Structures are given as C-alpha cells and as structure tokens.
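If you check Swiss-Prot, you get these features:
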type: TOPO_DOM; residues: 1-10; note: topological domain 'Cytoplasmic'
type: TOPO_DOM; residues: 32-37; note: topological domain 'Extracellular'
type: TOPO_DOM; residues: 59-71; note: topological domain 'Cytoplasmic'
type: TOPO_DOM; residues: 93-116; note: topological domain 'Extracellular'
type: TOPO_DOM; residues: 160-163; note: topological domain 'Extracellular'
type: TOPO_DOM; residues: 185-201; note: topological domain 'Cytoplasmic'
type: TOPO_DOM; residues: 223-234; note: topological domain 'Extracellular'
type: TOPO_DOM; residues: 256-270; note: topological domain 'Cytoplasmic'
type: TOPO_DOM; residues: 292-298; note: topological domain 'Extracellular'
type: TOPO_DOM; residues: 320-343; note: topological domain 'Cytoplasmic'
type: TRANSMEM; residues: 11-31; note: transmembrane segment
type: TRANSMEM; residues: 38-58; note: transmembrane segment
type: TRANSMEM; residues: 72-92; note: transmembrane segment
type: TRANSMEM; residues: 117-137; note: transmembrane segment
type: TRANSMEM; residues: 139-159; note: transmembrane segment
type: TRANSMEM; residues: 164-184; note: transmembrane segment
type: TRANSMEM; residues: 202-222; note: transmembrane segment
type: TRANSMEM; residues: 235-255; note: transmembrane segment
type: TRANSMEM; residues: 271-291; note: transmembrane segment
type: TRANSMEM; residues: 299-319; note: transmembrane segment
Amino acid sequence: MGLLERLRKEWFIVGIILVIAAAKLEPTIGGKGGPLKPEITITYIAVSAIFFNSGLSLKTEELTNALMHVKLHLFVQLFTLVFFPTAIWVFLQVLSLTPINEWLLKGLQTVSCMPPPVSSAVILTKAVGGNEAAAIFNSAFGSFLGIVVTPLLLLLFLGSSSSVPFTSIFSQLFMTVVVPLIIGQIVRRYIKDWLERKKPPFGAISSCVLLMIIYTTFCDTFSNPNIDLDTFSLVIIVFIIFFIQLAFMLLTFLFSTSKNTGFTPADTVAIVFCSTHKSLTLGIPMLKIVFAGYEHLSLISVPLLIYHPAQILLGSVLVPTIKSWMLSRQKALKLTRQPKVPL
C-alpha cells in the first residue's frame, strides 16, 4: 500500500494531528470568545449534529436479530461499564504515586467510563468473521446506555467542574444528546429506504464534526499559559494504553473461552472487541459537557484521543491471528460433534 493510499485510509488520525497543530499555531481562532464562537457552535450545534447523525445511522431494526443472546450482552455491558472503570480506578491508585501528569491519569479514568464505539468493534468483528449481529447490538445498545451511564460514571469517579451544577449537566446532555438522537431515529423511519439506497457517509460526517470539537478543545489549551505537558508523561501514557488494551483483550478472551460459558468462537470475537473498545465519537462531546469550565479539559481528553487510534491499530494487527484461531477452533468443534462411524 502506497503512502498516499495509507494517508487516505487513515485520514481521521492524520486530521487529529493537523487540527492539534493548527490549534498550536493560532489558538485564539477556536478559543473561547474567538471568531468560531465555540461556546455556541461546538457546545450546542456540533454536539447535537453528531448525535442527530448517530440517530439517523443506527439501524435499530437490526438489533432484534441479536436481542436474545442475553448472556453475551450482559457480559459485554458489565465488563465495559462496570469492571473496566473499576479496574482502572484501582490501577490509578498505584499510578498516582508516580510523577505522571495527574490530568492525564484522570484522562485514563475518563476512557474507562466510555461506552463501546458504534463502528470500530463491528468492523473488526466482521473482518474476522465473528458474530457481527452481537457486535452491532452491543455497540448500539452500549451507545444508548452510555448516554445515561457514562456521565454518571464520570461524576462518580472524577466529579464535575465546580462551575457547572449537576442539574445543568444533565439538562444539557438531554438537549444536545438525547433529543437529537431521538429526532434522528424518528427521521430515519421516514427516509429509511432512501438511506439504504444512497448510503450517506455518516461516519465521515461525524468524524469531520469531531475534528472541529478536538480543534477548539486544543485551542483552549494552548490559549492557557498555565498548562504544561511533559513528554515523559505522554510517552508513558501511550505504553499504559497499549498495555491496558492487550491485558483486557486477553482477559475477555480467557473468560469467554473457558468451559461452561456457552460462547461460540464467533461470540468470543465479538466479546473481545466490544468489551475493550471505547467510543471517541460519544466521548469527546460528553467530556465537553461534563467538564465545561475545566482548564485542563484537553489534557483529560488526550488519553481518549490516543486510545481511539490505538484500538484500531491493535485490532487490525490482531485480525489475522484471531481469525486463524477462530477457524481452527470452529473446525475442531465441528469434528468433535460429528457422529462416530461404527466399525
């Protein structure tokens, strides 16, 4: 694959780097009170646009196909929204004794509170040949669940900014997240055939709006002379993120393949990806609302910005290995179930 083709394929990750660089060069453009007026365009319009887009693109009619696999869904959601944040909280009690930047550590906690993404876990499950219907259900259901659970987890583990009261956070979440999502689902009912025929680039649209949110977030950071990020902390956080992903992928793999769980090899693939992936699309707008007024908001966002490309990179690298395991396991199970030929 040529360099240009690779850049075109990974345009979003390239975009993140470019918008952060642009914010560094001239932070006043996207900062508070700047020409872009992020306090209106981002806080209300951009966030609402992302969730309206999610409402349009979520195929809720497909969820019924996987609805009955209760044990699998229960495991994924409990692992993602209960075990993951709790385990990271315990881990951070140890890391807080190190010289790593405390706001990056808080950022790791925010990563753990995020719901599964709508796309990446499904794409990787499909690439391996795993239980795609289960992956679709858990990604979509986790996104809906995350609208309520994620802000509660963030407030539980980190608290909100002192300038924004609890009721204000949830009223804003309702107006900019829940309402646009519901409107998107209602509109989808009426134009479903057109959407299926034309297949609008929902992912690309959300990603472009997300780049705008990331840009203004970092404009605020670089406008603040009090914020200092050391290279040591950043490098260590990258290593920690890859370690967490690998450790949790291994943990979910070992559990789902143990005896008496009843999961098929295809189920295991969906479990491994859906349980360990975290949503950037839902995460950044939520952080923007819950931590409004935090001068360190962008530092808190950094681990999530790293986690997103890391999970795609790691997942893509492991696709051939996981696929090979799944096919050999399915073959072995098929052989053991075949009736023995009498002598």
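Every residue, even glycine, has its Cβ placed from backbone N, Cα and C.
Long-range Cβ contacts of the topological domain 'Extracellular' (93-116) within its own chain (Cβ-Cβ under 8 Å, at least 6 residues beyond either end) map to 76, 80-81, 84-85, 87, 138-139, 142-143, 145-146, 149-150, 153-154, 157-158, 229-230, 232-234, 236-237, 240-241, 244, 274-275, 277-279, 282-283, 286-287, 296, 299-304, 307. Cβ atoms under 8 Å from those of the transmembrane segment (139-159) belong to residues 54, 58-60, 63, 73, 76-77, 80-81, 85, 89, 106, 109-110, 113-119, 121-122, 166, 169-170, 173, 177-178, 181, 274, 279, 282-283, 286-287, 289-291 of the same chain, restricted to positions at least 6 beyond its ends.
For the topological domain 'Cytoplasmic' (1-10), the list of distant contacts is 309: same-chain residues at least six beyond its ends, Cβ to Cβ under 8 Å. For the transmembrane segment (11-31), the partner stretch with the most Cβ pairs below 8 Å, chosen from 117-137, 164-184, 299-319, is 299-319. The stretch with the most CB contacts under 8 Å to the transmembrane segment (202-222), chosen from 38-58, 72-92, 117-137, 164-184, 235-255, is 38-58. Here the topological domain 'Cytoplasmic' (185-201) has Cβ contacts under 8 Å with residues 55-56, 58, 60 of the same chain, all six or more residues outside its ends. Beyond its flanks by at least six residues, the transmembrane segment (164-184) meets 43-44, 47-49, 51-58, 144, 147, 151, 155, 285-286, 289-290, 292-293 of its own chain at Cβ-Cβ distances under 8 Å.
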